[in-house]
Structure formats: C-alpha cells, structure tokens
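Reading through the structure tokens given below for one structure.
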Amino acid sequence: MFQLAEIRHMVRIPPWLFGQTLNDAVEEELNRKLANKVVLNVGLCIALFDITSLGDSYIFPGDGASHTRVTFRYVVFRPFLEEILEGVVKSSDADGMQVSLGFYEDVYIRRDSMMTNSHYDETDRTWVWDYQTDDETHHLFMDVGERIRFKVVAEQFTDTTPAGPSLVEGNITVADRKEGKVPYVVYGAINDQGLGMVSWWTSGGAGQDLEEEEEEDGEVEELEEAA
C-alpha cells in the first residue's frame, strides 16, 4: 500500500529559513509542499523518508531565496494492482460504493465489480448480495460503516492543477481538487472468494451464521421425521 518514491526537485528556501541548517530547511519545505498532496503518476504523499543528495545552491536575480537541487525519497500511498486492502463503506448508490481507508477516501467499488447476484436496495440505500444455498437465498447487506475487504483493480490520475510558475515547480506537479475533480482514484473489486464484508468471513460472522442456520434446519427436519 505504501511505497518509497525517489524524486529530484529544485527546492526553494526562503530567506527566513537561512538560520536553519540546509537539511532542516529542505525537509521543512518539502513536507510543506508535498505532505497530504497527490503527485501525478506518483501517488499521495505521506511524509519525507530521507534526503539522498543535495546539489549546489543558487540565488537568482530578483529572488532573495536560495534554490537547491535535491534528490530525496518520499513515502507515498499507491497500492499495487491485485493488492488486498480493508476499509469502511462510506456511502452507496446505484453506481457502486465509496470506501474510506481512514486517511484516504477516494476509493470506489463499481457495480460491475460486485459479486454475482448483487443488487442495490433503494429502500435501505445499500448493496445486497443474494447468497444462494441449495434450497434458500440469503440476503447479505453491505451496510455503510461496516468493514469491507477488497482487491485493487485499477487506478486513475487526473491533472487538476492549471500550469503556472507557482503550481508547477521543477519536475513535480502537485494536484489539488479543482471544480470537483479528484486527482487520484483507486478502484477496487469484491467479486472473489474471501472479499466483501469482513463479517462474512470471520468467526461469528455471516458465514458462520449461515452454517449454523443450515445445521439447525437439518436438526429440525430430523426431529420431525422421528416424530
């Protein structure tokens, strides 16, 4: 889910940071610029891991700040394809579900990535899996607020930041939400064994409840035959 991305960037150090060591000033500026932001085709930046090299510093005419070429590694959120993650169902509609990971909420499970025989219940505003047994259909609800396990199947980066000297610096393009656009979206799927609501597959969950229900039905039938 988390990766180390190596990035090269020209870091601008304003004059009021000249009293700090160069490493501390660079670290402060990198975290200020990148933390909790999406870098296109890299991922959601979490925190600076380390600085691997510092180049020469320059002061350009008309700018009192120093500019230093820096190579560094940053911790980013970018799950790989087929990775299994767990989150909480945040919302549901006829197109699918939105899942929150706690620190990131642009995760979506589309309707074509649900289990077979799933449908959207307009009354309860939730998705329902019609689980088929030999002689009965069980309706398993995917309620908002419940934990869900899913597989990452796709990702989508969108450049939402207008090009400009204050928004695009060096080789880093930082994307923020503009006009409702989302810079980074993760798509998941639950149409596989062991995926879906965590309660279905854990001890005491829906899976065990179904087994116990079937065993009780069998015992009732045996008692009726004995009577």
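Using N, Cα and C of the backbone, Cβ positions are placed for all residues, glycine too.
Note that TrEMBL annotation is computational and uncurated.
Feature list (source: TrEMBL):
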DOMAIN    9-64  domain 'RNA polymerase Rpb7-like N-terminal'
DOMAIN    83-201  domain 'RNA polymerase III subunit Rpc25'
REGION    204-227  region 'Disordered'
COMPBIAS  209-227  compositional bias 'Acidic residues'
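Residues of the domain 'RNA polymerase Rpb7-like N-terminal' (9-64) grouped by DSSP class, helix first, strand second and coil last, total 16 helix, 24 strand, 16 coil. Mean model confidence of the domain 'RNA polymerase III subunit Rpc25' (83-201) amounts to 87 (pLDDT, 0 to 100 scale). Residue counts for the domain 'RNA polymerase III subunit Rpc25' (83-201) under DSSP (helix as H, G, I; strand as E, B; rest coil) come to 7 helix, 61 strand, 51 coil.
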